[in-house]
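Participant: Following this message is one structure expressed as structure tokens.
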Amino acid sequence: MEKSNRSLKDLDLNALFIGDKAENGQLYKDLLNKLVDEHLGWRKNYIPSDPNMIGPEDQNSPAFKKTVGHMKTVLDQLSERIRTESVPWHSAGRYWGHMNSETLMPALLAYNYAMLWNGNNVAYESSPATSQMEEEVGQEFARLMGYDYGWGHIVADGSLANLEGLWYARNIKSLPFAMKEVNPELVAGKSDWELLNMPTKEIMDLLENAGSQIDEVKKRSARSGKNLQRLGKWLVPQTKHYSWMKAADIIGIGLDQVVPVPIDSNYRMDIQALESIIRKYAAEKTPILGVVGVAGSTEEGAVDGIDKIVALRQKLQKEGIYFYLHVDAAYGGYARALFLDEDDQFIPYKNLQKVHAENHVFTEDKEYIKPEVYAAYKAFDQAESITIDPHKMGYVPYSAGGIVIQDIRMRDTISYFATYVFEKGADIPALLGAYILEGSKAGATAASVWAAHHTLPLNVTGYGKLEGASIEGAHRYYDFLKNLKFEVAGKRISVHPLISPDFNMVDYVLKEDGNDDLIEMNRLNHAFYEQASYVKGSLYGKEYIVSHTDFAIPDYGDSPLAFVESLGFSEVEWRHAGKVTIIRASVMTPYMNQRENFDYFAPRIKKAIQADLEKVYASVNQKENV
């Protein structure tokens with residue numbers, strides 16, 4: 001695959017956002033006006049001899065003017081509603097909630113521009129420009145993940161990308177049985193157990209050698225509905241995204257085949273538990289369809305030991321056990337740019353801090369990247385497929401998810417052709433529709449991601465700096481929270497962060513000193529969340545905005561127990577409460593890496609927390625006095 005040698009040594013992230021206070025607003029308007037003018041000129045210059053369809057007489061008619069007035073009224077109403085009811089997550093240091101932040105100006109401009117053409121990337125003939133851009137984005141995804149022969153594309157979101165990953169795994173795992181039906185010689189001498197444990201590359205090699213029988217083999221695969229219950233278990237960590245359950249339902253393997261793997265005290269997959277589960281099923285002759293490792297879990301930002309999962313697979317393969325590996329890096333995928341040099345080579349760990357310093361990835365000389373996180377990202381290239389969401393850490397507008405596969409030949413296991421949109425065998429520069437789950441899809445999304453990638457190279461000189469700004473901001477926030485204490489209504493409330501971030505997610509709880517009732521602590525945190533969110537009053541006037549979640553026993557097992565016990569609660573109390581309520585922050589703001597910026601907001605955040613806690617306790621006291 002052709003390498004990207006693009007580099008921006010003097011990149012200034014401040015030039016790429018509209019800005020907290022619209023500091024670059026005029027630049028945005030100038031660029032947008034230029035692009036709109038170019039589109040209008042494009043319309044006028046297409047067959048200029050054609051007559052105008054709308055004349056001065058039309059434009060001066062009462063009905064025309066009335067219609068324009070009505071349209072303006074509707075747009076005024078739209079503007080008022082959006083300005084009144086939207087979340088101010090553009091804020092540099094006020095929004096500490098979901099995976100939202102400033103979006104890149106080039107991505108916004110590209111989307112605004114390309115949507116004027118309304119291209120549909122399902123078919124090249126309806127979107128030649130943006131279909132080729134999406135093909136290029138897919139190649140860039142593959143380079144980012146270290147795939148020499150990979151392929152990728154944009155999807156609506158990470159949920160669909162995960163579903164597509166399971167679709168690949170299901171169909172590939174079923175192919176050996178299909179080959180046995182169509183051409184037994186391809187898999188001669190292999191038992192059913194061996195067929196269920198064939199490595200993906202070996203299956204792809206056999207499919208490639210099936211020649212004219214490929215279509216017949218595909219017909220006899222899992223897409224026919226055969227052997228779905230024979231393919232085995234789909235193992236996911238307890239920190240899984242909820243989309244995996246939906247995917248198992250839709251793909252047809254069933255929820256009973258989805259097995260949660262315990263996580264450790266750092267909220268990463270417990271590799272020993274994973275091995276035990278696999279060996280237990282192997283002893284019962286139940287295969288493992290696949291394993292999901294997460295890079296940037298939704299609620300903790302934890303990065304599973306992908307390298308350890310790969311090492312386990314290599315060990316088990318010697319014993320005749322093999323599983324498909326999918327990395328759900330919807331959240332953390334772009335962080336791999338932190339580890340790639342300008343030649344797309346993975347930077348040795350011993351050189352990483354030096355390279356980061358040379359490229360101004362962090363403002364302070366600290367070790368923000370944990371060795372185990374580095375090792376996990378290095379092993380990405382061993383996974384068969386990876387989910388990556390540009391609309392998260394790619395800082396592009398919704399809706400833009402993505403999936404990338406290790407071997408471009410895998411596309412043939414899920415392909416469908418329709419002559420009116422993508423004819424089989426046609427010589428088309430970007431044939432997307434035949435190899436994806438979705439039908440119609442916005443060309444503007446591809447333009448948006450393409451513009452972001454071409455403004456910020458997917459290496460340490462570009463996106464690495466943006467991811468680094470987020471990570472450094474998260475560490476500043478974590479360190480700030482560690483020492484916070486508040487006096488409210490004669491009580492002392494302390495802040496207890498969950499864990500040091502693997503990525504940029506910071507979770508914490510508020511605990512009243514001396515409280516030994518976990519249910520009461522959960523109530524406090526939920527009440528605080530309500531004060532600091534949309535639940536209580538307009539968001540536009542709130543000085544500190546957060547999100548929350550629950551770590552509950554049905555989903556997490558006892559993995560939160562160590563944290564709960566560190567707060568002074570007993571195991572009995574943990575089982576009685578059944579959950580711990582957490583305040584959760586995805587620190588995506590690109591501004592909090594700067595010490596001066598953070599130091600401005602820190603005391604104001606503390607003041608806002610104090611005010612919200614006072615409201616919480618005032619409400620409690622009022623109820624008690626009624």
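The backbone N, Cα and C atoms fix where each Cβ goes, glycine too.
So Swiss-Prot lists the following for this protein:
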type: BINDING; residues: Gly158, Ser159, Thr298, Asp389, Pro390, His391, Ser440; note: pyridoxal 5'-phosphate binding site
type: MOD_RES; residues: Lys392; note: N6-(pyridoxal phosphate)lysine
type: ACT_SITE; residues: Tyr420; note: active site, proton donor
Participant: So, in DSSP terms, is Pro390 (pyridoxal 5'-phosphate binding site) helix, strand, or coil?
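Facilitator: Looking at the DSSP assignment, Pro390 (pyridoxal 5'-phosphate binding site) belongs to neither helix nor strand, so coil.
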Participant: For Gly158 (pyridoxal 5'-phosphate binding site), just give me the three-state DSSP call.
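Facilitator: Reduced to three states, the DSSP call for Gly158 (pyridoxal 5'-phosphate binding site) is helix.
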Participant: Are there residues of the same chain, six or more positions away from His391 (pyridoxal 5'-phosphate binding site), whose CB falls under 8 angstroms from its CB, and which are they?
Facilitator: Asp157, Pro397, Tyr398, Ser399, Ala400, Gly401
Participant: For Asp389 (pyridoxal 5'-phosphate binding site), which residues in the same chain are close in space, meaning a Cβ under 8 Å from its Cβ, but six or more apart along the sequence?
Facilitator: Asp157, Gly158, Ala161, Ala330, Tyr331, Gly333, Ala400, Gly401, Gly402
Participant: Determine, from DSSP, whether Thr298 (pyridoxal 5'-phosphate binding site) sits in helix, strand or coil.
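Facilitator: The three-state answer is coil.
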Participant: Far apart in sequence but close in space: which same-chain residues, 6 or more away, have a Cβ under 8 Å from Pro390 (pyridoxal 5'-phosphate binding site)?
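Facilitator: Set apart from Pro390 (pyridoxal 5'-phosphate binding site) by at least 6 residues yet with Cβ under 8 Å, we have Ile154, Tyr334, Val396, Ala400, Gly401, Gly402, Ser448, Val449, Ala452.
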Participant: Mind checking which of Ser159, Thr298 has the fewest other CB atoms within 10 A of its CB? They're the binding-site residues.
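Facilitator: Selected from the binding-site residues Ser159, Thr298 on minimum Cβ neighbours within 10 Å: Ser159.
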Participant: Around Ser440 (pyridoxal 5'-phosphate binding site), which residues of its chain at least 6 apart sit with Cβ under 8 Å of its Cβ?
Facilitator: Asn120, Val122
Participant: Calculate the distance in Å between the alpha carbons (Cα) of Thr298 (pyridoxal 5'-phosphate binding site) and Lys392 (N6-(pyridoxal phosphate)lysine), and round it to a whole number.
Facilitator: 11
Participant: What span in Å does the pyridoxal 5'-phosphate site cover, taken as the longest CA to CA distance among Gly158, Ser159, Thr298, Asp389, Pro390, His391, Ser440?
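Facilitator: Taking every pair of listed residues, the largest Cα separation comes to 28 Å.
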Participant: Near the residue listed as 'N6-(pyridoxal phosphate)lysine', how many other Cβ atoms are within 10 Å of its Cβ?
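Facilitator: Other Cβ atoms found within 10 Å: 26.
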Participant: When a 10 Å sphere is centred on the Cβ of Gly158 (pyridoxal 5'-phosphate binding site), how many other Cβ atoms does it contain?
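Facilitator: Excluding its own Cβ, Gly158 (pyridoxal 5'-phosphate binding site) sees 24 Cβ atoms within 10 Å.
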Participant: Do you know offhand how many angstrom separate Ser159 (pyridoxal 5'-phosphate binding site) and the residue listed as 'N6-(pyridoxal phosphate)lysine' by C-alpha?
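Facilitator: Distance between the two Cα atoms comes out at 13 Å.
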